Amino acid sequence: MDGWMDQTLEALHGNGDHDDNNVTSWVSVCPRGLWKVQQERTGMESQQTVSTSGDDAPCASISRPRMGSLCRVRVRLKADGDVAESLVSENGIEKLSVTEFTDSVAQAFPRCQDSVLQVPLGDWTTLRLGEGQCDITEACVEGMRAGEKCEILISPIGNGPDVSVSNPTEENLPLCATVELKAFTPGKESWQVSPAEKWEWVKSHKERGGVRFRSGDVWGAADSYSRALKLLITLYGHIREVKKQGQEQADEQKDTNTGDETQHLPSANEFKTTKAELHSNLSLCQLKLNQPERAKASAAKATQLEPGGTKAWYRLGQACQMVNELQEARQAFRKLLEIQPESPAALKALKNIASREKETNAQLGLRLSKMFS
């Protein structure tokens, strides 16, 4: 998978720098770009881990949220959090019954360009770990226990493309905030998630990426497509084995995996097509974020998987143009014309390449004439 977002996701999942036992740092992604996050655990409040096993016994205190866990969290800016502490001590800690929490659903909030933290500040919120609603919050809670609280310091990374908004709603930077994890339901480690469940996650991330891109959240869209690719890659061996065994055994496997008819495994062709679309969509995001080398690599993968994909060839040509590889760009656009004759976009791009080459040759000729005059 493309290195830039893969490294970001690895950092999000605990591979950041550890200054000591209580302080961790990593790079996260939000609609305004890439941000460095420093986290310090500050202590425990009353623990409340929710079990869905049928009884009301809490999970072991050492357990932490995993993929798919519903997490009851609250994020507050540090100044607001200091004021709120006195109110907590006076009014007591929020009580949450097992039934109330397990019957709740993850809350979806529109992601906005002028915000770093993509959750309502100051309110208790239910998030599903792994969906990427707020990458910073998710990265914090997946290393926390129920009742634990941490402080985070967030600052922008200045060497990325400038896609930020001038006046963030969270006031001045860097931001200092607190994250509290009140309770969570059991989730699953990656190896515990069935292939059918992973496929549902892939489709969900792909759809979410499209929604984010259309809303202008290019960083968030790229994150969603990268998450989908990371999960999809883990399905490759299973899909290959299913194809090898034949459709009859594949149908039996589907019947034993789940009773939900809406959950199914993709065919080998559907798997390849989905992977190609994800690489192509990621390439478009990288073009928008002014990352032509990465866009070129993503588009090239898409064309290898689906040689008939017109969008991938066009994006490959665009990326090659941006890095001034005009011969490779011409080849990509000519391939697009083979698939889609008289494509206005391809014809216009080839005309632009010819104009650039003519200008380059004229400049070269002028320099040579001066050298030998």
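Quick reminder: no glycine exception, Cβ is built from N, Cα and C everywhere.
Among the features that TrEMBL reports, region 'Disordered' is placed at 245-266. Residues annotated as compositional bias 'Basic and acidic residues' in TrEMBL: 245-263. Per TrEMBL, repeat 'TPR' is recorded for 310-343.
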Within the repeat 'TPR' (310-343), what mean pLDDT does the predicted structure show?
97
Composition by DSSP (helix, strand, coil) of residues within the repeat 'TPR' (310-343):
27 helix, 0 strand, 7 coil
